[in-house]
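Q: One structure coming up, written as structure tokens, with questions to follow.
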């Protein structure tokens, strides 16, 4: 294999893996949006942006979308990592900014796609929350397997874990709890009361159930690992199929 061919193979593999990462992020954000639509409580990662987006509607803060505030929060989390690690910060981790931006952008896309979805009954709310958490868990399991740069929320947890020498699992709980507490504080600051549609029973359910979904699905993702490798034979098959369809189109003309 020549050097040029090897570079092409690596470039194709990189693009393919990040296409799968994009699909994973889409599933995660679809789950986030369904939890928001349920009005039983948003997921942890969206609770603080959700509060600020609602506060924007009453002119307490800039009127950004939930996706816009998610992007801002992700950028702040990356900045915190830089402040904590300083010279030890790996600049490859700046790719988290891209991941964080795409994540927020996909949230807004899914909010637009589900604009007509209204959960007006308990059964529809419970179904939306359950479906959202399940889809989110599947997306997270895929995202982890992609092996790219982590989400800023996980990145800050890894950073604090490295500095404090505490187990990642415990630090992740601390970070999630901090985000929820900040969202609660935002509720009282902007609205003077607890907002159950932002932080409710659904939020607690998401904190427990999403992790269980990831643990359940993870052992069954061998097919996804094989898909990630994107073997040349599979690529040749796709190219051959594309040529065949193109030739048939020429014959019809």
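Using the three backbone atoms N, Cα and C, a Cβ is placed for every residue, glycine included.
Unlike curated entries, TrEMBL annotations are predicted automatically.
Per TrEMBL, the features are:
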TRANSMEM  12-34  transmembrane segment
TRANSMEM  66-85  transmembrane segment
TRANSMEM  91-107  transmembrane segment
TRANSMEM  173-191  transmembrane segment
TRANSMEM  197-218  transmembrane segment
Q: Okay, the transmembrane segment (91-107) and the transmembrane segment (12-34): do they have at least three CB pairs under 8 Å, pairs separated by 6 or more?
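A: Judged by the Cβ rule, the two regions touch, with the required three close pairs present.
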Q: Residues of the same chain, at least six outside the transmembrane segment (91-107), with any C-beta under 8 angstroms of its C-beta?
A: 21-22, 25-26, 28-29, 32-33, 46, 49, 65-71, 74-75, 77-78, 81, 148-152, 155
Q: State the residues, same chain only, that lie 6 or more residues beyond the ends of the transmembrane segment (173-191) and have a CB under 8 A from a CB inside it; answer 'none' if no residue qualifies.
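A: For the transmembrane segment (173-191), the list is 44-45, 47-48, 50-52, 54-55, 58, 60-61, 153, 156-157, 160, 198-199, 203, 207.
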